[in-house]
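Enquirer: The structure's right below; bear with me while I get my questions together.
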Number of protein chains: 2
Amino acid sequence: MSPFGLLPMRAWASLFSQVLRPSGLVCIREVHFHSQVSEAVLTSQLKPHQEKSNFIIKTPKGTRDLSPQQMVVREKILDMVVGCFKRHGAKRLDTPAFELKEMLTEKYGEDSGLIYDLKDQGGELLSLRYDLTVPFARYLAMYKVKKMKRYQVGKVWRRESPTIVQGRYREFCQCDFDIAGQFDPMIPDAECLKIMCEILSGLQLGDFLIKVNDRRILDGMLAVCGVPESKFHAICTSIDKLDKISWNDVRHEMVAKKGLAPEVADRIGDYVQCHGGVSLVEEMFQDSRLSQNKQALEGLGDLKLLFEYLTLFGIAEKISFDLSLARGLDYYTGVIYEAVLLQTPAQAEESFNVGSVAAGGRYDGLVGMFDPRGHKVPCVGLSIGVERIFAILEQRMKTSGQKIRTTETQVFVATPQKNFLHERLKLISELWDAGIKAELLYKNNPKLLTQLHYCEQMGIPLVVIIGEQELKEGVIKLRSVASREEVAIKRENLVAEIQKTLSES
Amino acid sequence: MSPFGLLPMRAWASLFSQVLRPSGLVCIREVHFHSQVSEAVLTSQLKPHQEKSNFIIKTPKGTRDLSPQQMVVREKILDMVVGCFKRHGAKRLDTPAFELKEMLTEKYGEDSGLIYDLKDQGGELLSLRYDLTVPFARYLAMYKVKKMKRYQVGKVWRRESPTIVQGRYREFCQCDFDIAGQFDPMIPDAECLKIMCEILSGLQLGDFLIKVNDRRILDGMLAVCGVPESKFHAICTSIDKLDKISWNDVRHEMVAKKGLAPEVADRIGDYVQCHGGVSLVEEMFQDSRLSQNKQALEGLGDLKLLFEYLTLFGIAEKISFDLSLARGLDYYTGVIYEAVLLQTPAQAEESFNVGSVAAGGRYDGLVGMFDPRGHKVPCVGLSIGVERIFAILEQRMKTSGQKIRTTETQVFVATPQKNFLHERLKLISELWDAGIKAELLYKNNPKLLTQLHYCEQMGIPLVVIIGEQELKEGVIKLRSVASREEVAIKRENLVAEIQKTLSES
């Protein structure tokens, strides 16, 4: 039986594969499985004599509980992602939820303000981790690990203005895969892109594209366009907005707000509006300005090699060299990439851009920032944006109206008679001890109809029924909830018969 | 093949079953898989021109990284625990790592000082969760859930003085199972004890005992002994120490430090030194003093019923009614329990008491503390102490010297020749796309010996070898790492042959 019970594997597959209305980037709206979520902010009135003001029962801003239905979807996604990481030979690592505050400083640029600090309660100054990359680099430096292919799944925390409607939370789950070590160029980088393709295809999220660029090309481009080095960061931030606002608006911001000369902005515009495949890499090699810049040439050389490997992996057509891709984080030093979905789920009322669903890049200097002697360990990796993928699949499930089982119970122990609790307890204990997933109602004398109704409601496939008559004859009735057929089986064969029935279904 | 590769399933089972030297409570010492852990506190010297003081690379006090080897053991434990929770029909829930600070106040008694607060960065006052029970109760009240059988696995944080040598951390993992709802008495409570037995047996930790008591019996006992109600809490704290220090020392603390009359202390001593099975429950029913106390009688009545059900579950002999069991947390209202191991692993150099490995109880008032109208939802549950179980199994593995695979790679793609990267990349891509777990070295021209050595070191069972000759003949060599046998197979049958070989091994 499918672990999703009521939802057979075929239906589950169709859930992942459902064809979406193609119209640019994915547009979805936030969906809640809790019908009560809209009323979830409740006021708890304490008894008057406690003289305490009313308080509101809620989760902290930007965070949420995940209901059992949501957890089923979440775990399905994580299983697929982790399955892919294991297929590529990664080991699992875990690090604490918080780090010494100083471990996180000077790693995230402008985003540092979004780090959650812990209160100074007399001891070390601590911060909640902002991603899984910096803790990984800290781990490599601390244990002097020079080579490692690891994955990590865990929550990270960022004090962003939560626009929950876009699937942005202050607490969210990341799935990271990274390859650390000195290797021949672009082989691990190409594997990272292959992994992103495998995961996005595997989750059947619809068509997607991975934008690729290189920090060195970006810096080289800014330099040859005439941007003063002091403005690189600010201009990158503007360029990064090109997936949300038009070039004209970005240009205006560069000139009016960031004081760039209009002709410099126009030169940038010529580049950042370019995207294409390996032919664009060749074109840029010939570019009169870019070809003068050593850094840019190095980046272009690596991208050319990367495309060679991507072709061998059969994924080159999924990759777009995009000169507007900047990526916010400070620690990237080479190739960077970001996956976006190209389709729109049907029936979305209010549409929005889910943004990137996976991203990553090369960060060759980060480990060295932790190492006592500054020894570098080159790294490249990727992070899967589980929350956004989750929002898409949750929406799809809601649209499809499919019911998901939240338990895996195989057998329910029922009785039509009063005073049969002892027999039910003995019986269910036998089932549990045999590894069979079983439940009963916590009532001394439940009605048979209530018991059978519970099975239908919960999608439990089998019921064993014991009563006066059965007890006398040394038998048990085994009932199929779907067909309502019942067979009498010998009490002593109970476990074997159930196992047989379950293995056949 | 076993998911643990180098460690066949049989060896794994023996790891769990290894017979321990019986000599009282389990004694182990802390073991590290990182050989470097002792040097893990490193000083990072930043370049002099940065004018920054040296800093130490470490994880925060009381926290640790889990290495890939440790994660394999950890996940094995979690799989067993979660498997048991699912066998009993529980749904999975997740809640945020932090809660509004006020959600956690007045829930933990004296332990409240151990809660980690987040810094006030302009917004809500937040605290890291201290356990998974209070967030569960908050969830039930917030969504007005009246009935739920749920499990949750997650980290919790407590600012305890970390005696890491005893497996106590400030960040640790809890696995909780709880049943919320109004049911007939003691049926869910008995199931919780059954679950604890199944998990502790399943993990093959050696002999164990579950101490049971009831908060009402405890309070009734204190009352009939003549303890003033204002001293209940302080005296309970002393009683709670009986598993670590002798009755004489506890008595001394009660009299000298907590101002209890010696004769009152002696009366308490008569009770708290009692433990036994259902016959002790009967005995206490007849006790001239206790039988005068309504609360105590209610507790005794429930315990009697509980033992009836435990007998039907076949676990009564694992349970000991122990009048000294107090449990620290404020929120318990009825039956309470705590599992301790009764054996000592061999070869422990410095012995210590690992303390309880699982615990729980009934808390009928907690949800009502969150509900606007104070509506109660009775709850009973248990928590598995993963860290302590982990410390025991880790020690056992170290003693046994067994090697654990940290990856699941099935096939390695190798070549004896130079300039074969392209062929290797095409080949491995095919394997990944077929769902086969495969690796290669990230080198343009690795030596064959290096490649084969990597397979032996990592426990990878199969190698596919491609070279000039094979390419010409349209074949691939498939090599068994263990037997060193090689067979030539047709290139086009590669995936099918590998899948066949893997399914046979």
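Placement of Cβ uses the backbone N, Cα and C atoms for every residue, glycine included.
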Enquirer: Per TrEMBL, which one of B:ARG158, B:ARG159, B:ARG168 shares the L-histidine site with B:ASP131, B:LEU132, B:THR133, B:GLN174, B:ASP178, B:ARG327, B:TYR331, B:TYR332?
Expert: B:ARG158
Enquirer: Fewest other C-beta atoms within 10 angstroms of its own C-beta: which of the binding-site residues B:THR133, B:GLN174 fits that?
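Expert: Candidates: the binding-site residues B:THR133, B:GLN174. Fewest Cβ atoms within 10 Å: B:GLN174.
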Enquirer: Through the lens of DSSP with three states only, how would you label B:GLN174 (L-histidine binding site)?
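Expert: In three-state terms, B:GLN174 (L-histidine binding site) counts as strand.
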Enquirer: Please state how far apart, in Å and to a whole number, the two most distant Cα atoms are among B:ASP131, B:LEU132, B:THR133, B:ARG158, B:GLN174, B:ASP178, B:ARG327, B:TYR331, B:TYR332, the recorded L-histidine-binding residues.
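Expert: Per the listed residues, the maximum Cα distance equals 21 Å.
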Enquirer: Looking only at Cβ atoms, how many others are within 10 Å of the one on B:TYR332 (L-histidine binding site)?
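Expert: There are 23 such Cβ atoms around B:TYR332 (L-histidine binding site).
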